[in-house]
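Please read the structure below before turning to the comments.
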Ligand code: PEP
Ligand code: MG
């Protein structure tokens, strides 16, 4: 018999897959002896069964009955009893946190009879009726799918009729009247009464939580966060404790450290006399933990003790949800908390100083994508500024965009290429699409733990929240600050690191982390405040550790001396790919055109001679910049048509000239050119005359490049330098192709060396970017000193996807349909393309055990792919200069992960 239900006393924190994050951590806290209200968890497996069959397994209902009876016996109360009712909450909780995406229903067990029992037992009529109206409201919206406004509008109406602003100012009579209005609304929308039977309420709520796994917004969130769609959610049934029992009660959320900056010290938001989601919904502005200390020193002290215990136990920043019921503290949730990129680095480094984790663990707690976020520019502090107001710095970054006031507009404007800032009074989970589309998010209400803040931090998106002076009016699509009005479409700038909001577009400057990466710690510390200095030092510490740990070397893809210089300052240990075609595009394109179209050997030699000088200069400069480090020069690769004039344009030009009756040498030349272009035209140029094929079919072309390179190297040698070049042949499919190029290259190297009286040698290798090359790597290795995996072309040719077209035509639908969760051009398709890399690496090493293996496709800078290349045993990755720091960090993390996996 499958066990679908676990008591909180049964599980632990490592059972997230089965019990969801919330359930696993509730069990862990119970095990630690922390004050958790008793309850039980329904497994994710039950949810998967429910979703597959459209109904809960029969056995689940039985197991819920058993768990419920045990709970009732333990507490001496019955669910929904008319005298002393046990009430429970029903809360979702998947293996991965999905803040605000799924459902919660509180106060299950209340009905027309038990509300009176609750009133009597608590001695507080107002509390009992407030709890009942909350149940109908939440149940109505979540379980019965009645639009939320039906209830919130009625609540607003009740408040305005009474002339009060806050829910807490409604008295028993008002709440009783509201309950009647709510029940009428339920009858009107559903054609039946609000269910009075407690167990029926419970079962319906459980099913609703299961269903909430598949709402559009939850699916969208998972796609974005790359959470598999099939996992399902667990459901936690927990004894209710009440934060709405008057002023000595309340509810809050807290972090053991500041999740925005990583600063040490507890941080939290508290609302007295409130329940459940009131805190994160940003409905009323919250109090700080210091305020709580004033209000209730005993609970505050106990809370801090619990938080310290949790942090010591989890050895990481924890976030918690708690409730104080008449002076008694209850823990409702904990988890390792989300944090900004800056906080991640600072916390990891601080925890090492506190001897809670090792440097290896610290490195595993930060990621390349977090580092990439820290490299984004910031607002220029010296620029003139038009400060409108300040909110809370909820998620860092500098966002500039046009103000929009709803999610749909944010999406529509962003789709047409506008930068937008989504301005809301407060956000709710339905705003997710707009939040994704916007450059930044600005809210008037809510603290650092509000929905907007939590979700923005999770997405790495700039967010300022709780800007109280901001009066947001959705109807007129304006936001006012005193007499200043921001209209929809006005440009604003928000600073998620300071909370500042500016009118107009502020200029941006490099971030201190970027300055550190390019120019070192000292340069980044000039004028830095403590926070910035702490961040720079933490990044430096962790990146240095990654460099010490990694096995993969990190090279750059760079075509110019300027790129190479930048790459070198960012830690490149060589150039893994110099695409020489970039040296021939632009003005120099016609020179190649002349080589390709030459009518005679003499004409071609003349054109080649003109190129030789230019190439030699390019290579000399590059070798000089990278002196002492390997530089892989790839011989010409791109498809032929990139060097020839556009066929249509040329045809039109000739046709117009003929129509005008023109004649003369220009028209003759154009006609000749057009005939050649027509002759060389290809249907699939990416699969045509490119790479080694172009080299073998165009006499002298590769020879020119090898000669230029050899002469540049001689020049450097004679100048006392240390040039280390490698010659790389593109698009090889057969070892014969490589032999032909290699033989010629070796001859030229020897000639040039002899002519200059130096000894010259260079590794000659190939790209592995065609499936045939990968599958015959054991033979290709005979003629190659190294392999560099061209995973861009290898992905294109393995999938049969045209890399220039398919992302705009096919990928959106494929991502939507779940064919893949990320583009295979971004992250290596380990099962297919990756398999070819594994085969080629293995076969290559079988023939030549010390053959050097690298990768120079875009995947060389992608975190997940870097871990794959580490596992596959490659020697280096090569990527764009700006991705080098990310690659260094991830290569270090990959080494640590592999080590801990092998020692486990
Ligand atoms: C590749 O194909 O992965 C590669 C690096 O070469 P290019 O992108 O220039 O085709
Ligand atoms: Mg390629």
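Just so you know, the numbers here start at 1 and follow the chain as drawn.
Keep in mind that glycine also has a Cβ here, set from the backbone N, Cα and C atoms.
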TrEMBL has 579, 769, 790, 791, 792, 793 down as binding substrate; which of 634, 707, 845 does it also list for that site?
634
Apart from the site residues 579, 634, 769, 790, 791, 792, 793, the 8 Å Cβ neighbourhood of the substrate centroid comprises 577, 637, 730, 767, 788, 789, 794, 856, 857
Same-chain residues at least 6 apart in sequence whose Cβ lies under 8 Å from residue 634 (substrate binding site)
577, 578, 579, 580, 728, 729, 730, 767
Most Cβ neighbours within 10 Å: which of the recorded positions 451, 579, 791 is it?
791
Fewest neighbouring Cβ atoms within 10 Å: which of the binding-site residues 769, 793?
793
Near ligand 2 by the Cβ criterion (under 6 Å), the binding-site residues from 579, 634, 769, 790, 792, 793 are 769, 790, 792, 793
Ranking 17-54, 418-499, 543-892 by Cβ pairs under 8 Å to the domain 'Pyruvate phosphate dikinase AMP/ATP-binding' (295-345) puts first 17-54
Tertiary contacts of the domain 'Pyruvate phosphate dikinase AMP/ATP-binding' (17-54), as residues 6+ beyond its ends and Cβ separation under 8 Å
2-11, 60, 64, 67, 71, 74-75, 88, 91-97, 206-207, 210, 213-214, 230-241, 306, 309-310, 313, 328-335
Among the recorded positions listed here (790, 792, 856), identify the one with the smallest other-Cβ count within 10 Å.
792
Cα-Cα distance linking residue 451 (active site, tele-phosphohistidine intermediate) and residue 792 (substrate binding site), given in Å to the nearest integer
39
